[in-house]
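Worksheet for the structure shown next.
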């Protein structure tokens, strides 16, 4: 299609494999990197995006996916992050339906397959970016850089920074986005299959490329950037545009612009198609998202809240340098980089300014070479490398809008394509100069092996929350969220003493960390350290007055301190800030029950069950309260209603069985007791109350049997020993009468 350019492979000492073997090798190695993550748990953001996301469940209409954000919240909500990724959520939903529930293996396997597929596609993509786009007379694309395209694809496949996207299920968004991003690029290249010197192209494939770009954006926002990259590729590769020459002619108002290819070969028309398509996609997305930007807090992205433009600019550039360092040396990886992990640079005397200087020194050097080099091949590769490095990163750069993170390894997935281009080109230049090319090749092979090992290690850390959170302690010891998550994980496992230590450290690092205060207050409440718990929870609601969970927990503490009026006020404040709060209504009902305000207690519990029909504790308390106040018929009705909604709840069976026994419906009561015991055979009270039923019913032998089982399970069970002794005396009396 064009004259032959210098072959990048000529001086490179590397493996030369047929295309299908190269792709097979890339697929196999990318699989080996992340295979050990296949049986990992749901970790970190997976809980919110998958387990707690109602959009995955069959009862949620499919249409809701198009009006909700990635986390299942309405896009119109003020609390929505505005992350609009319906196609990614759809794949989660399909995973959930095929697995029949929340089983993480299927989710992980799909992620691994997606990364392998993307890595294989990268062989074709890099062959175009590094070797140029040429077709045979039969319309078959030629691979003019088989060695370097294989090397670049391997570098991409084994890069450790990709672990978050592959081993973390939420990274599916980045993987799907990358898949359609690459398909859009390859589709755009197909538009020139019948091209002779660039004069003819297929509008169909250009439009397909735009559609695939839209699909990529529906998986994750970065996907839209492929349209800009297609335009850059068209200008540099198809039209062989000299950017510096164009700028000079524009500055001198040269009327011969058509001579440098701006208007030739349909470039302007194709760019108009790409830009029109991109603008339309962005407009539609903006209308769906709503006109308001997402709301983030200072802890998410502290630099964006700095008053000084200088401080904002210098810290943004420092973040860019850290992202570049993660590409160059992906050894220090962390699941979260917020909350003090990277302290703000507030002065030019901060030594970290060196990182900014180094970044811009390298970038300016590369840009100068990309613009000014007399070697057109060098200009093209460097410009494409910089384009693929920078353009996909722009949505995460804070330049156009505030983002909700400081650094996120997942957003480097696409920009790493540019890094692999630049690395491979640098390797080819070194190979050209080096006398011992094999030593250089061995060094690069060593980097690949180290990266494979690092991927495997990092994947194993992503298999469980405990390993993931603890791995971050050495990387980001100043990150309050890291300590919070370690503490939460320990608390969930019942290790409260250790959890307290990490929660305290989280609060020390971030004195406004209300979630850490709330969780620490909860643990102290359970340990009956009520005074400190109240202080922490009071401070949490003072810092964040609409923190409903903290208001509820404060109410529980105040109730325990017998400050009932304050507790009631706290509960109602929690409900004010969260209208649908069944747990708060449940606790409010307990307060009213303690105050003998039975009607209010029943109403509160009824509200809890209306909001959450499976709220077993609220149902149980209603049954027990009605039973204790002698309203057996109403207690029975409530119990039957509850079991209709939660048929396998043994505690409800037990409560209703007690009511039926008192109503002398012995047979039905017995059946429910036996069913409850079958579900929970080690509950002493179940056996004890069944024994009481048999005792009343006159089945004394069965009563004796279950009394003995109950006492064996719990020798201190209240009332059971006394009832058992009464039964034994009665049996002895009957034996004496029988003997007489």
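Each Cβ is built from the backbone N, Cα and C atoms, and glycine gets one as well.
Source: prediction; values computed, not measured.
Per TrEMBL, the range carrying the annotation transmembrane segment out of 313-332, 333-352, 353-372 is 353-372. Here TrEMBL gives transmembrane segment for one range in the set 75-92, 93-110, 201-218: that range is 201-218. Looking at 267-286, 287-306, 467-486, the range tied to transmembrane segment in TrEMBL is 267-286. With a threshold of 8 Å between CB atoms, the same-chain residues lying at least 6 positions outside the transmembrane segment (112-132) that come near it are 2, 5, 7-9, 19, 22-23, 26-27, 30-31, 34-35, 37-38, 141-146, 148-150, 152-153, 156-157, 162, 165-166, 172, 175-176, 178-179, 182-183, 185-186, 189, 237, 380-381, 384-385, 388, 417, 420-421, 424-425. Taking DSSP states H, G and I as helix and E and B as strand, the domain 'DUF1736' (292-364) has 36 helix, 0 strand, 37 coil. Same-chain neighbours of the transmembrane segment (439-457): 12-14, 29, 32-34, 36, 151, 154-155, 158-160, 162-163, 330-331, 427, 430-431, counting only residues six or more beyond its ends whose CB sits under 8 Å from a CB of the stretch. Of the candidate ranges 144-163, 267-286, 384-405, 411-430, 144-163 has the most C-beta pairs within less than 8 angstroms of the transmembrane segment (20-38). For the transmembrane segment (169-189), the neighbouring stretch richest in Cβ pairs under 8 Å, chosen from 144-163, 267-286, 384-405, 411-430, is 411-430. Secondary structure of the repeat 'TPR' (582-615) per DSSP (helix as H, G, I; strand as E, B; remaining residues coil): 27 helix, 0 strand, 7 coil.
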